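Enquirer: Pasting a structure here, questions to come.
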Amino acid sequence: RDVQFGWLIRNLHANGASFFFICIYFHIGRGFYYGSYLNKETWNIGVILLLTLMATAFVGYVLPWGQMSFWGATVITNLFSAIPYIGQTLVEWAWGGFSVDNPTLTRFFAIHFLLPFIIAGLTLVHLTLLHETGSNNPLGIPSDCDKIPFHPYYSVKDILGFALMFILLASLALFSPNLLGDPENFTPANPLATPPHIKPEWYFLFAYAILRSIPNKLGGVLALAASVLVLFLMPLLHTSKLRSMTFRPLSQILFWALVANLLVLTWVGSQPVEHPFIIIGQLGSLSFFTIISVL
């Protein structure tokens, strides 16, 4: 559509999503490192927020109606058919027909519009529950004696952070807006031609690699779900007497191994399904769950 600065809005919207995910992953990693998951209510709402966000990003990615959008929608919605007995019916119900078509696009647009409001509501719950205990700190000890006024200290720190993020985002959106996208998505959707290898946006690649590493449909779907739902287990798996990892060098090594592991999975997810990527993906998926369980 011929809208004033429509190209800018579009680029900021698409790349803003990427930046949002970068911030979210940093935020979750920070919670991991400093043991913030011991605020159980806050943490659990956070995981639900992440799931809602992933759903929003997925339905949004389908809307440009390019090849990768279309086939991504086909592949991911098809995962529901792995559910025994009701799976196939469920998929056709979600599609509104026997393939991804106009009704699917319409409902995905509606969902992509509505879910952010649910996210905003959950964010308020997230904050309210955090206010029950107050925030955690790097030492993992009460910080009542060290409290300082929000303004000007934190307000200036936050504005600086926002400014830096916005400069990075603007640079990305103005200089190389399609860096993170897939060129395949410039080809209009065609149900008769499958792209050589279907892959999601970068922020889902780690989960996609885990999905592909299990050579069984239902098993892969369960592993995919587990890769995010495993966050719910964090408060239960915590055995240390120390809350944060500041004074736990072994846990720190494991933590950074986990970060590296996720980066490897992200890279494998973007590669075609062939040797050596298959075995790398399987080892990466195995070590992902192993590291989390011993963290």
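In case you wondered, yes, glycine gets a Cβ from its N, Cα and C as well.
TrEMBL labels come from automatic prediction, so no person has curated them.
Annotation comment: TrEMBL describes 1-139 as domain 'Cytochrome b/b6 N-terminal region profile'. Summarising the annotation, TrEMBL assigns domain 'Cytochrome b/b6 C-terminal region profile' to 140-295. As annotated by TrEMBL, transmembrane segment applies to 12-33, 45-63, 70-88, 108-130, 159-180, 218-237, 249-269, 275-294.
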Enquirer: Which listed range (70-88, 159-180, 218-237) shows the maximal number of Cβ pairs under 8 Å with respect to the transmembrane segment (45-63)?
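Expert: Counting Cβ pairs under 8 Å, the winner is 218-237.
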Enquirer: Average the per-residue pLDDT over the domain 'Cytochrome b/b6 N-terminal region profile' (1-139) and send me the rounded value.
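Expert: Reported value for the domain 'Cytochrome b/b6 N-terminal region profile' (1-139) is a mean pLDDT of 95.
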